[in-house]
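Q: Below you'll find the structure I mean.
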Amino acid sequence: MAKSDAKVSQGKRNSAPNAINNVKTRRYSLWNFWICATVLKVLLFPGYYSTDFDVHRNWLAITNKLPLNKWYVESTSQWTLDYPPFFAYFEWFLSQFVPKSVAEDGCLDIVKVGSFGLPTIIFQRITVILSELVLYAALQVFINTSDISEKSANFVVASSIVLSPGLLIVDHIHFQYNGFLFGILISSIVAAKNKRYILCAAFFSIALCFKHIFLYLAPAYFVFLLRAYVLDFSSFKFRSYKDLISIVQWSNLLKLASVVMGIFSLAFLPFITTWQQLLARLFPFSRGLTHAYWAPNVWAVYSFTDKVLTVLVLKLPYLQKILSIVLTSMPKTAADIHVRIESNNSGTRGLVQDVFFVVLPQITPKLTFLLTLFYQILAVVPVLFDPSFKRFVGSLTLCGFVSFLFGWHVHEKAIMLVIFPFSFLVPFDRRLLTPFTLLASAGYVSLFPLLYESQDFLLKFLYTFIWCILYFYAMGQTSKVNRSGVRRIFFFDRLAICYYLLLIPMVLFVQALDVLKHKYAALDKYEFLGLMIYSIYCSIGVLSSWIGLSWLFNFDEPMWN
């Protein structure tokens, strides 16, 4: 018996090093994911594509056929170039590889409306797939540079992003280049994690010069780099205001400023003669508050509330008297309300001009800017006191959140600006899983109206449903449990479960409504009902996620230490 026990004991001692060695030698590669995903994407080549396809085709033509000083002036097509210079250079680069057969197909023609066939479609689809390798490379570096204990969880995060339903729907069906652009942004996040601050600033500056929507994340980067790389409080003792100069590491500040200014100079200096036109293209405030399809944010709820109040006021005259006391800008009579409804674009006609509300006060770009700025300040203040990677990503996520929730003319596709940074947070604490799953499920489902044809319904529904089941479970298994060692169930979690359960019947109901509209003419007057249901229900999920993350970020200090 003694010899037997000794052998068992010896076996246990030998198994521990073997387990460690297995973890060390296991390769977490995204290569197989790229191969499998590419097969699916190639099968989607002949399918639906949006007007964004002709947008990018036109940009290929502009950058290929015209001199650089005409790029932001050309307006033959309504799809004018309205991305920053690096993306224009990117389009020019792609245009150099257009085969003769594709050029003859109309790919490089500057015309009012593009006329092209399968060769152009195949070429442009391939450019999206190949450019997405930047995203795979960035996430592979993220995995490879992780500690052994983090690799499994970080592999789940990385694979969840490369297989994102958002990228499949928006890039490989609808048509855009978000995978490539987020690859550059994620490279900056990975550099921040590895404390490569100059590289972090460089990648973010490059991302910003590719797509200006990343400007919403700039406050988090600015405060993080300032606090982590430029300011040093380790030996600071305040005796006079002159001592404040000593906390600045001037050499680091100079290096940081040189890199950022160098990248922006490279991007914008060639367009110095047309800078006014360039800025007008990048920031078109002539567009309305909401897009044709309301993005699931605060203004969707605001628009819906205005429509409900309009109906109630017309049916209940006494309610109009009560509301007019509080809302001084409200029309005084029912006739005035009808006039405003007829004369104004009230937010459901699929237009991009100014949106006017009937009952509620009008929203201005200035108000949306101030609301966004206020909540972003709240998001970055904690980073001043704790410039850790975890705090930085939390701040980054909240900056993306508030820009999506309160921004002017926000597109539903911008939800990925929140989901992807949030993905990097989940492994740190399982309590973050509930707000993340709310955001991801609501956010990805809110993209469904982009693919409005019935033939695409099963693909978008099943792919998103399977993704949610697999990755919500995997993240729950790999994320860290809080210090108490027990997963605490909050009332918030129970409400989230109810939300998930109702999400599926909501999607099925809207799809049934869409199918029946083609059979029954009486349903034509409810043309925008399905979009409104999507927008409002998904808004509830996104807003709930923001509230949950904000609470944990600001009031659960142990989570971030």
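Heads up, the Cβ atoms here are built off N, Cα and C, so glycines get one too.
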Q: Looking at 126-146, 294-314, which stretch does Swiss-Prot describe as transmembrane segment?
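A: Comparing 126-146, 294-314 with Swiss-Prot, transmembrane segment matches 126-146.
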Q: Identify whether R26 and E453 belong to the same side of the membrane as annotated by Swiss-Prot.
A: yes
Q: On the DSSP side of things, how many residues of the topological domain 'Lumenal' (147-154) fall into helix, strand and coil, could you say?
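A: The counts are 4 helix, 0 strand, 4 coil.
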Q: What is the pLDDT of the topological domain 'Cytoplasmic' (274-366) when averaged and given as a whole number?
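A: Summing pLDDT over the topological domain 'Cytoplasmic' (274-366) and dividing by its length gives 80.
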Q: Would the transmembrane segment (367-387) count as touching the transmembrane segment (126-146), if touching means at least three Cβ pairs under 8 Å and pairs must be 6 or more apart in sequence?
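A: Counting Cβ pairs under 8 Å, fewer than 3, so no.
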Q: How many of the residues that make up the topological domain 'Lumenal' (388-391) does DSSP mark as helix, as strand and as coil?
A: 3 helix, 0 strand, 1 coil
Q: Using a Cβ cut-off under 8 Å, which residues of the same chain at least 6 positions beyond either end of the transmembrane segment (206-226) come close to it?
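A: Residues 83-87, 90, 181, 184-185, 188, 192, 197, 200, 256, 263-264, 266-268, 282-283, 372, 376-377, 379-380, 383-384, 387, 392, 395-396, 398-400, 403-404, 407, 414, 417, 421 contact the transmembrane segment (206-226) from elsewhere in the chain.
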